[in-house]
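The structure under discussion appears below in the form of structure tokens.
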Amino acid sequence: MTAHAAALAAADAPAPVDRSPGALGWPVTAALRALAMDGVEQAKSGHPGAPMGMAEIAAVLWREHLRHNPADPSWPDRDRFVLSNGHGSMLIYALLHLTGYDLPIAELKRFRQLHSRTPGHPELGMTPGVETTTGPLGQGLANAVGMAIAEKTLAAQFNRPGLSIVDHRTFVFLGDGCLMEGVSHEACSLAGRLGLGKLVAFYDDNGISIDGKVEEWFPDDTPARFAAYGWHVIRNVDGHDPAMLRDAVEAALSETGKPTLICCKTTIGRGAPTKEGHQDTHGAPLGAEEIARTRAAMGWDHAPFEVPEDIYALWDARRSGAARQSAWDARMEAYERAYPAEAAEFRRRLKGDLSPAFAATYAAALKATVEKAETVATRKASQLALAALAPAVPEFLGGSADLAHSNLTTFPGAVPITRDPAGNQIFYGVREFGMSAIANGIALHGGFIPFVATFLVFSDYARNAMRMSALMGQRVIYILTHDSIGLGEDGPTHQPVEHVESLRLIPNLDVWRPADTVETLAAWHAALTRTNGPSAFILSRQNLPCWPRDAAQIEGIEAGAYVLRESEGLARAVLVATGSEVKLAAAAADLLDTAGIPTRIVSMPCRERFEALTETERAALFPKGVPVVAVEAGVTRGWRGLSGTRADGIIAIGIDRFGESAPEKDLWPLFGFTPEAVADAVRRAVG
């Protein structure tokens with residue numbers, strides 16, 4: 001070949017691929033981008049843009065700083081990692097696979113397929129290493145705040161000089177969408193106030209969302225916003241420069257008094273020659289042609305889902321993770337020798353078991369509650385239950401959305417964490433959504449049983465976080481007071497009508513509407529002993545009488561429904577009621593008994609538990625052919641279709657319109673909630 005021909009051939013040859021850190025050809029990030037592209041392409045749906053844009057951020061964090069052990073995803077002192085922008089799920093699946101978790105390549109090939117371990121958005125319990133279910137934007141960030149609160153509080157409660165058994169960080173990835181959601185304001189404002197120095201957030205500032213360039217609708221000065229919250233803000237980090245990222249992470253780790261936001265300027269879909277930086281990469285496959293071009297640009301000449309062993313070796317965290325956990329195990333053993341009682345308590349709380357003292361404490365509280373038979377509002381009954389049970393539940397970490405003295409969530413021994421880092425009470429401020437999503441993070445972290453509180457009518461603000469509690473099966477307790485038109489003068493803006501029925505629509509959420517002090521205490525017992533889902537308490541503002549019961553009836557409370565008062569003679573009708581309307585049902589039954597219509601009263605504090613009973617158990621409450629009249633101060637639709645009764649049909653007395661502003665005494669008769677009106681409905685049903 002002549003010199004001229006050789007020069008021409010050299011000019012036509014592809015340029016050598018730069019494989020240095022930060023370059024497209026860096027094998028560490030090329031593997032992440034390739035797996036993200038391949039997974040979305042094979043599924044024919046998904047979001048490749050964020051994983052491709054955050055590859056360098058992920059590489060620096062996961063390879064150099066994240067303390068975790070792929071062989072034991074539940075190691076108590078692991079760092080927590082949350083992908084708040086959960087649509088970019090192929091990023092976390094690729095990270096978990098490459099670092100050595102039990103997530104084989106076959107599962108990445110089944111991305112978004114039925115019964116795979118790689119669902120469209122990360123789901124708790126589906127994939128080892130996934131700390132929380134994310135997808136509803138902003139909530140992962142709030143979960144991370146909750147995890148950081150739990151870490152800080154647990155450390156204050158259990159660490160001893162020279163023996164720190166709780167010492168880990170919470171890292172969270174988030175995007176523009178997370179920051180546009182209001183829950184991010186609620187959670188991050190509180191995080192700054194609480195000085196969560198072990199919380200580090202990475203902001204993927206790529207300027208793109210589904211509709212295009214976010215500058216048209218999200219021009220906020222995000223760094224200034226977070227500085228105002230009291231965060232440590234690291235600005236203008238090139239999200240594709242490993243050296244800058246490394247410096248930023250080290251600066252974040254050196255800040256112990258404030259949470260840190262690292263603002264990373266990135267390009268969505270980085271590496272895709274014709275699509276990077278464009279909204280098309282956000283939520284759709286790149287296509288075979290674009291993927292081929294991207295592979296060429298990265299110098300990635302491997303087949304789809306193929307990763308060479310030498311690149312796996314660059315990612316493998318099993319040895320370093322095992323060493324870190326081994327060091328913690330040694331520290332834990334020393335702690336057990338020095339503080340055996342505290343060590344046993346620590347392990348119990350992380351396991352989620354109730355204390356050995358709980359059963360006896362509850363039994364004593366139940367005996368006292370039955371004997372006192374106090375006439376109080378059920379919100380007060382809840383406070384009494386808290387006070388009685390709290391000494392045996394040191395893992396309580398609860399609070400209210402600026403309504404502690406209305407929801408009655410304070411109790412003897414409640415200490416705000418702002419005054420004592422080892423406390424057990426959180427003043428959340430008016431942040432219902434943030435409060436509830438933070439509580440999910442506290443529950444997910446382990447070591448605590450969170451409870452939160454607001455007015456029932458404002459549960460709408462918290463609803464999606466409540467749904468996430470149920471979806472993830474987390475033991476979070478929601479105290480929702482001022483439950484009906486019974487709160488009176490505040491009017492329809494504050495009088496819940498549809499809310500109880502709406503909450504009952506959420507799968508795996510136990511909704512309790514107790515009638516008195518005994519049912520309220522039993523509801524607390526049921527919620528605390530339930531480990532696979534949340535519970536909501538619907539509580540009255542007005543005082544309610546305490547009903548006499550025998551042991552079998554008390555046991556029936558936690559079954560969800562039971563005969564509170566049997567008819568004199570064979571029942572010709574059944575009145576079923578909840579909460580404050582049990583009192584009304586009893587008064588109506590008195591009128592009916594006098595009129596020669598024997599009427600059974602069934603109290604149904606938890607419809608979800610009633611519906612879980614066997615057909616035989618349900619039939620024992622509602623005999624076949626006996627008319628049933630349901631009474632509840634809310635919408636009637638759910639009662640009309642109540643499953644499990646053997647009645648031919650149910651007549652529901654409720655409120656199917658909004659309330660009125662007036663004294664309570666004027667509202668009940670206005671809406672037909674009188675003994676006479678209920679008795680008349682039963683008479684019509686009996687015929």
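Just so it is clear, glycine is given a Cβ too, placed from its N, Cα and C backbone atoms.
Keep in mind that what you see is a predicted model, and the values were worked out from it rather than measured.
Here Swiss-Prot has Asn206, Ile208 binding Mg(2+), and the candidate from Asp176, Asp238, Asp241 in that same listed site is Asp176. When Cβ atoms from all protein chains are considered, those within 10 Å of His47 (substrate binding site) total 26, not counting its own. Asp490 (substrate binding site) is surrounded by 14 other CB atoms, counting those within 10 A of its CB over all protein chains shown. Sequence-distant neighbours of His87 (thiamine diphosphate binding site) (same chain, 6+ residues apart, CB-CB distance under 8 A): His47, Ala50, His121, Gly135, Gly283. Of the listed binding-site residues, namely His282, Arg379, His482, His494, the sparsest Cβ surroundings within 10 Å are found at His494. Of all the binding-site residues in the list Gly177, Arg379, Ser406, Phe458, the shortest Cα-Cα distance to Ile208 (Mg(2+) binding site) is found for Gly177.
In the structure as shown, the Cβ atom of Gly135 (thiamine diphosphate binding site) sits within 10 Å of 19 other Cβ atoms. Closest to His494 (substrate binding site) in space, going by CA atoms and restricting to the binding-site residues Pro136, Asp176, Gly177, Phe458, is Phe458. The 10 Å shell around the Cβ of Ser406 (substrate binding site) contains 16 further Cβ atoms across the protein chains shown.
The Cα atom of His482 (substrate binding site) lies nearest to that of Pro136, taking the binding-site residues Pro136, Gly177, Asn206 as the candidates.
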